[in-house]
Amino acid sequence: MMHRLLRAPALLGDAPADRLKPGLQGAEILPPGANAGHCWSRMTAMATARTCTNAKVYTKVPDGGWGWVVAVAFFFVEVFTYGVIKTFGVFFGELITYFEESNSRISWIISICVFVMTFTAPLSTVLSNRFGHRPVVMAGGFLVSIGMVTASFARSVDEMYLSIGLVSGLGYSLSFIPTVTILSQYFDKKRSLVTAVASTGECFAVFAFAPVITALNDHLGWRHSLLLLGVLQLNIVVCGSLLRPMKIQKEVQVEETPKKDSMGTEYILENEKTITSIDSIDSGVEVGTSPKKENEHLKPETEYVVPQENVQMLEEAHGPPVKTKVTLLDFSILKNSGFICYALYGLFATLAFFAPSLYIIPLGISLGIDKDHSPYMLSAMAIAEVFGRIGAGWILNKKPIRKIYIEIIFVVLLCLALISFAFATEFWGLTVCSAFYGCMLGSVAGTHIPMLADDDVVGIEKMSSAVGVYVFIQSIAGLAGPPLGGVLVDQTQNYATAFYSCAIGMALAAMCLALVRPCNNGLCRRKPKKSIEEGDYNEKEVFKDVPDDFLEMDFGKPEGSIKSNENTC
C-alpha cells in the first residue's frame, strides 16, 4: 500500500550530518560542493531583506514607536504636496502675463492637478494594498518631481496641464493617500492629535514658500523657481522609504483541553452515522476504559503516516485548497448611508480648500495693497492654520467627546470666515480675515480624513478603502472649485465673488455632515427582517439538515440527559 509521509519541517533525518550548516542542523540541506560560509551569508541577507519588507506584527496599535518616524515623514510629505499646491497662487500673476491667458485658464492648472490627485485616490489605495505603502509613496515622489521639473520648460498652458496637472497630480495622490493611511494605523488614542500636528507641514510650507518664491520670481523668474521646487520635491522619495509596514494581529487564546481522569476513561457516543468522543463527563451513555495512550509521550517531531487512498478521497470530496483573495478596495462602504453623507460633506467642503489660497493675493492687489505686502496675508493664513490644526487635534483627543459634533462647529465657523472677506477693504482687515480663515481651515482640513476612522463614520477597519473612495468623490469639487471662482471673477471683475462660492459650498457641507450620525443610527436604513431570536422562523427550515436520530445531551443534568430532537424547540 502506498503511503504519504507527513513530517514536521524540522526533521531531516535522511540528510547526512556533514551536509548541514553549522548550528542549523535540520534547517536546510546544502547542495554538494556548496560553501557553508557563502550560504550562511546568503541566508543572512535574505533574512534581513525579509525583515525590511515584511510587515511588523503588533498585538495592538502601538500608539507610538516607529509611528513617530512615520509622523515626521508625513509632515514633510505635506510640505511638498499640499504646501506647494497652496503656494502656487504666487505664480498666477507671472503666468497670466507670460502666456497672456485669463484667470480661469491659469486656475485650471491647479484644478486638474487636484482633480487627478483625488480622482486617482482609489488607484492609490489599490496599489498600497497590493504592493505596500512604501514603494507606492516613493514612486509618487518621482512623479511629482518629474512633473514639476517638466513644467519649468513648458511653452504653453496646455503643456502645464499635462506636466503639473496629470503627472504631478498622480504623484501627489500616490504620495499623500498611503502616508496618511499608514499614520492612522500606527496610532489609536493619539490619532487625532498626531495627525493634526503632522499635517501642519503644509502650513509651514505656505509660510516659508510664499515670500521665498516671490523673491525667486523677482530674481530668477518662474521657470527656475519651478525647477528648484521640482528638485526639492524628491525628498518625498526619502519620506516614503521611512514608511515601515505594520500589521495588527490579536493574540489568540487557546482553551485547554479537558483532562482525562487517572484511569484514562473516555466516553463514546455512537449512532448509525457519527462517533463522538466525550471526556470526563458521566452522562449515562456507553462507557469504555482504555489505558494511557502512547502518543501522549511522543516528541514534537512525530511522523504521521496517512494512507494515500484517504488523502485522495479527501481531495476528491473537498477539492484542492482554495486561496482566499485579499480585497484591494472594499466598495461595500458605499452601502453605508452615513458614509455617503460624509462623502458629500467632503465634496462641498473641498470647494473652500484651494480657491481662497489661490485668490487671496490677487484680491489684495485689486484692493490697492502693495504687491510686496500681499504674500504676508498668505503667511498669516498659514501660521493661523498651524494653531487651528493643533488645537483641533487637542480638542478631538479629549474624552469623552463626540468628535463629529465638534467637526460641525468647525465647518460652520469656516463658512463665516469665508463670508468675512467681503467686508475687508484694507491690508490689516484682510490679514485678520486670512488668520481667522486659516485657523478654521486647519481645524477642518486636519481632521476630515482621520475622522473616517471614527466609529461614527466607518471605523478603523474600513478606513483604508474609505479614504480612497472618499477622496475620489472629492475630486469633482477639486476640479470645479478654482475654475468656478475664476469664472465668477472674470464675469464680475471682483475677486470677492470667488469667496462667496466657497461659502455656499461650505454651508452645504455643514448640512451633509449633520446627517452622518442620524443616517448611521437608522434614519435612512431599511427595517431589518425579524430574526430567529424574535420567533419568526420556520422550524422545519432551521432543522432540515439535522439527522433524524440526532441525540441532544445536557451535561448539566446527571440523569435524563439524553433527549430526542423531536421534543426539542
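Each position is counted from 1, following the chain as shown.
Note: Cβ is positioned from N, Cα and C throughout, glycine not excepted.
What TrEMBL lists as domain 'Major facilitator superfamily (MFS) profile' is 67-521. What TrEMBL lists as transmembrane segment is 66-85, 105-124, 136-154, 160-181, 193-216, 222-243, 339-361, 373-392, 404-423, 435-453, 465-485, 497-516.
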Restricting to the same chain and to residues at least six past its boundaries, which positions have a Cβ under 8 Å from a Cβ of the transmembrane segment (160-181)?
70, 73-74, 77-78, 80-82, 85, 95, 108-121, 123-125, 127-128, 133, 136-137, 139-148, 150-151, 154, 195, 236, 239-240, 243, 449-450, 463-464, 467-468, 471
Output the single range from 105-124, 339-361, 373-392, 465-485 maximising the number of Cβ pairs under 8 Å to the transmembrane segment (193-216).
373-392
Would you mind listing the long-range same-chain contacts of the transmembrane segment (222-243), meaning Cβ under 8 Å and 6+ residues beyond its ends?
69-70, 72-74, 76-77, 80-81, 84, 91, 94-95, 98, 133-138, 140-142, 144-153, 171, 175, 178-179, 182, 213, 216
For the transmembrane segment (497-516) against the transmembrane segment (105-124), do we get 3 or more Cβ-Cβ pairs below 8 Å once near-sequence pairs (under 6 apart) are dropped?
no
Mind looking up the mean pLDDT for the domain 'Major facilitator superfamily (MFS) profile' (67-521) in the predicted model?
79
Residues sitting near the transmembrane segment (435-453): Cβ under 8 Å, six or more positions beyond its termini, same chain?
180, 184, 191-192, 195-196, 199-200, 203, 342, 345-346, 349, 352-353, 356, 380-393, 396, 403-404, 407, 410-411, 413-414, 417-418, 420-421, 459-460, 463, 466-467, 470-471
Contact call for the transmembrane segment (105-124) and the transmembrane segment (339-361): at least 3 Cβ pairs under 8 Å, seq gap 6+
yes
Same-chain residues at least 6 beyond the ends of the transmembrane segment (373-392) with CB under 8 Å of its CB atoms are 86-87, 89-90, 192-193, 196-197, 199-200, 202-207, 210-211, 214, 357, 360-361, 364-365, 406, 410, 427, 430-431, 434-447
